[in-house]
Amino acid sequence: MSSGGLLLLLGLLTLWEVLTPVSSKDRPKFYELPADIGPCEDFTGAFHYSPREHEYIEFIYGGCEGNANNFNTLEECET
């Protein structure tokens, strides 16, 4: 492959890296925490990010404590 072709390939790979969506490696560390129902019993629906599933999953939250991987709505956890 010519040096021009290599430069083009390098440029395209760099552009792809910059434009790809945020991956799980770039997520804050709290996304690695498991869903935590907490000790209270005011059960309500919440969402958490599952690194194993690579998606947001609904779970039942007790209403207090828990951890930072806990969102009220799907929209909230995607932002």
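Here the Cβ of each residue, glycine as well, is placed from N, Cα and C on the backbone.
Note that this is a predicted model, so its numbers are computed, not measured.
The signal peptide annotation in Swiss-Prot covers 1-24.
Residues of the domain 'BPTI/Kunitz inhibitor' (31-79) grouped by DSSP class, helix first, strand second and coil last, total 7 helix, 15 strand, 27 coil. According to Swiss-Prot, the feature domain 'BPTI/Kunitz inhibitor' maps to 31-79, an assignment based on sequence analysis.
For CYS64 (disulfide bond), the count of additional Cβ atoms within 10 Å of its Cβ stands at 11 [all protein chains shown]. If you look up Swiss-Prot, you'll see CYS40-CYS64 marked as disulfide bond.
Less than 8 angstroms from the CB of CYS40 (disulfide bond) sit GLY62, GLY63, CYS64, GLU65, each of them six or more residues away in the same chain.
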